[in-house]
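Presented below is the structure to which this report refers.
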Amino acid sequence: MNRHGTGATERPRYKRGGPDREQNRLRRSLAEWRLALRIARRSVWRSRGTSLIVVIMVLLPVAGFSAAAVIGQSTFPTPQEKIAAELGQNEAKLYTDIGPNPHASQNRFDPHDINSPSLGSTPSTPLDEDGVRALFPAGTEMFVVRNSDVRAETSHGVASFPVTVGALWDDAFTGRTNIIEGRAPSTGSEVLVTSAALEHLGAHVGDSVTIVSPSQADLTITGVLRDAQNADAVERIYLPEGDFASTLSTRLDGYFLPNTVVDMGDLARLNHAGVTVLSRDILSHATSLELAGASSPFQPFGVLIAMAAVFAIFEIVLLAGAAFAVGARKQQRALATLASVGGSKRVMRRIVLSQGIVLGGIGGIVGVVIGVPTAAVVMAITSDGSATLYWGFHAQPLVLGAIIALAVIVGLTSAVIPARAAAKFDVLAALRGSRRAAAPSRAAPRFGLAFMILGIVSTIGSAISIRNLEWDAHPALTDVLLSAMIAGPLIAQIGAIMCGGLVLRTISRLTSHFSIGARLASRDSASNTRRSVPAFASVMVTAFLAITVICIGTVQTQQLTAQYVYSTLPGQATVFIPKNLDNSERVAVGDIEAIVAEDAPMASVARFYDPAIELDPNTGMPSDGVHVTASVPVAHLCPSNPLSPEYDAGVWESSSAAALEQQHLTATDARCSASAELVSHSWNQISVTTLAGLAIWLGGHVPDDVRKTFESGGVVSSAPMLINDGHLTLQWWAADEGPSGSSSELPSQQPLTETTMRAVSVKATYPLPHRVLMSTETAETLGISLAVGRLVASPGSEAFSQAQIDKLNGDLGALNSGVFVERGPDQTWRYIIAIVALLAGVLFVCASAVAIGLSRADGRADDATLSAVGATRLLRRSFSFWQAIILVGVGTLIGTTAGLLISYGLRVAGAFSSGPFTPPWLVLGFVAIGMPVAIAIGSWLVASKPTTLARRVAIG
């Protein structure tokens, strides 16, 4: 019967598993998601404070990612951008850096990436212009571009300018070059210049520029040329072929083919002939991704970027997850009400997950909206004017959309655990407003310890394996090991989080005899692990990122500094003394000193002498005189040196895995560093000067013990490895014995003589080439023949100006001399590293503040309870202070340890440095100890007023 009591019974409306039932289930699921999204949207607006924290924690990294993505993509060219900036309208550019080799091959997108196996001990000679032209049909049009240098008069004196010889203004170079003012040269006595050169010359278009060397000429400036390859600050003169250009000693830049197409079929033939090619035809068939892969160095920096991205996502998940957990606990009464009217656990989970989707989407969209303009501003500020620093503004919609999608996924992931917890609470207890501390898990610490061990082993083991693979030997295996090395610290920190409850309970027991505030804070953290563990975990990850950036940045900066060889201290000027082959001065040194004293009256000037060496007029090699050099004590030699007592032929003459591992470990020995090797192999260590010169060499003040040793016949050394028990050994070698510069070769004979002298070590601020100084009186006593090598001038209260340098060069040019001011290495990387470290530090402080704020927001019931039982303001301040000490301190210590672990692992793998691992321990100590104390003091100062007891529910 039917439902009216009459007729036949109707067939069941649904069949199990039938399409109608499945369609209805889908409709019901979509309806639940729509309901969840509606409730989530309203909950987000109602809990604006917590929601804003989540949005900020999502949008800040997203803004950084989107800005970094735009900037990063903009540093790689599209095919058309590369063609325009490097070829203009030409079909190809030819290079002859290698000689003919039947096995040579090049990267088809990068002519400087060459695989040219050696053909024996005698390298082949690169092709000349006739040899290159012979590779193409007769009459093939070809532009030859060469580089040189000239000295020209400026408004203040004389300066050196680079010169390009070749018709770069021809229509074939349109797109790469353009004349922004004036016209092209029409004769060999007319030139184009860059804007910076025009300004330095103090001239205008139409004026003449006077060349003083290598030959004298007056050239007319007909216009200003803009080259896409040049930065705005580049000073350069462009010459056509002609009489004056023929007098210059030039260096080949390349051959341009305006009409001859070079395709893939021609590449092998040209490579075998000793020519590499940048071809328009080949580039036009490339993709931007292929060009990026061809032009970027291997991935050590990509490893760092990937690691930063992984841990930034981890940080977002932790902080946003903590905020979601707080929000979920705050809305337990609302969720309990929903459950009491029939809401399922699935619906409650979807409500919390929907909050993650909503907040992740908002954070992602706002982050991209902020990040893209930020990238534009950063690029505008940091651009040097060349087209090859930022090839264009590459804000790819697909990439930005993927970043927004990632933000939504991260928001959803952050809400997973709070969503699970939201469906497991006691409905009646939530309706009453009461709460109960979570029972500690016994299994979590065991798994956590296992994860920590696994993470440490994964990081160190992968790093050692990558090092032994030499990065490129097994690409697939290297990628796997890289992933394991990056995942190692992540796994270790997950383990630390799982052990968090045990750590906090241990701290609670250790502080049982401290003050009341310390006991309350430690017990509160131990009993409320749902809010305290995410708090210290977020601090841990940001501390990890900050420590990693600081360690890598410091070590990288140290390596860049160590690799740069200073001629003098930065800011000091070297005046060259022109010499004849017999080492005699071409002009009187007193005349040069007089010019320096007149043009730079505030500078301190001193002579520096070298042992006199005469050169053979035919070969230019040393023929008479002696080398005087400092001997390195054998105990201070690198173990790879055959003269070292630690040398093991079984290690250094073997290619076994064990031997390679021992070689890599030895490379971290300070005796094997680049600076130590330079000292060991240098034959130009000794310089002779006066006490005034010693003061300039040290940068000013001369300590009393150093002065006494210097004046009493001893030597002063900035290389401690040369000194053994307060003494240094000098050796005399024949002029034609041994290598003339740095080399690993050993001399085949014994020194002529040697003597041991008293020595004092001084700390070198910068690695100067001359590591040992003695007085002129000491040199005379030792019978060393001297010749003035150079003058060094130290500026007064103000640095040397460009006008002074030009004036000195102009006046010294008549004496075949010149001046060079030491500026030091390029500071760009230092600034970048400092900015990144600062941002990491700011992120660490902000994350700590957010973590403490979330913990305090979730603990308002505890504040209410303390106020209800009469806690004083001082007690509540003490509670806040010790809570910050525990949460931030524990997180910082674990994060610091993990940061040191991954930094050491990356160093072992060779990702960023080949020298010893020397982190800045003082800075790390400040971060690990000083920052938690500073944040705790801040928490003490901003401790809240007593919580109102107007609502009884506040005391659950």
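All positions are counted from 1 along the displayed chain.
Cβ coordinates come from backbone N, Cα and C, glycine included.
These numbers come from a predicted model, not from an experiment.
Under the heading region 'Disordered', TrEMBL lists 1-24 (among others).
Residues or ranges marked as transmembrane segment by TrEMBL: 51-72 (among others).
Among the features that TrEMBL reports, region 'Disordered' is placed at 95-129 (among others).
Positions annotated as compositional bias 'Low complexity' by TrEMBL: 116-126.
Per TrEMBL, the feature transmembrane segment maps to 301-326 (among others).
The domain 'ABC3 transporter permease C-terminal' annotation in TrEMBL covers 307-425.
Counting same-chain residues at least six beyond the ends of the transmembrane segment (356-378), those with a Cβ under 8 angstroms from any Cβ of the stretch are 37, 40-41, 44, 51, 54-71, 74, 320, 324, 393, 395, 400, 403-416, 419. The annotation transmembrane segment is assigned in TrEMBL to 356-378 (among others).
For 398-422 (among others), the entry in TrEMBL reads transmembrane segment.
Positions annotated as transmembrane segment by TrEMBL: 443-464 (among others). Sequence-remote contacts of a segment are chain residues at least 6 beyond its ends whose Cβ falls under 8 Å from one of its Cβ atoms, and for the transmembrane segment (443-464) they are 481-482, 484-485, 487-502, 661, 901-902, 904-906, 908-909.
Residues or ranges marked as transmembrane segment by TrEMBL: 484-504 (among others).
Annotation source TrEMBL lists transmembrane segment at 533-555 (among others).
Positions annotated as transmembrane segment by TrEMBL: 829-854 (among others).
Sequence annotations record features per position, and here TrEMBL assigns transmembrane segment to 881-902 (among others). Long-range Cβ contacts of the transmembrane segment (881-902) within its own chain (Cβ-Cβ under 8 Å, at least 6 residues beyond either end) map to 307, 456, 459-460, 485, 488-489, 492-493, 496, 500, 503-504, 507, 511, 514-515, 517-518, 520-522, 524-525, 532, 535-548, 550-551, 848, 851-852, 855-856, 919, 924, 927-928, 931-933, 935-940, 943.
Sequence annotations record features per position, and here TrEMBL assigns transmembrane segment to 922-943 (among others).
When the stretches 51-72, 484-504, 533-555, 922-943 are ranked by Cβ pairs under 8 Å to the transmembrane segment (398-422), first place goes to 51-72. Averaged over the domain 'ABC3 transporter permease C-terminal' (307-425), the predicted model has a pLDDT of 77.
At the 8 Å Cβ cutoff, the transmembrane segment (484-504) and the transmembrane segment (533-555) share at least 3 close pairs (sequence separation 6 or more) and count as touching.
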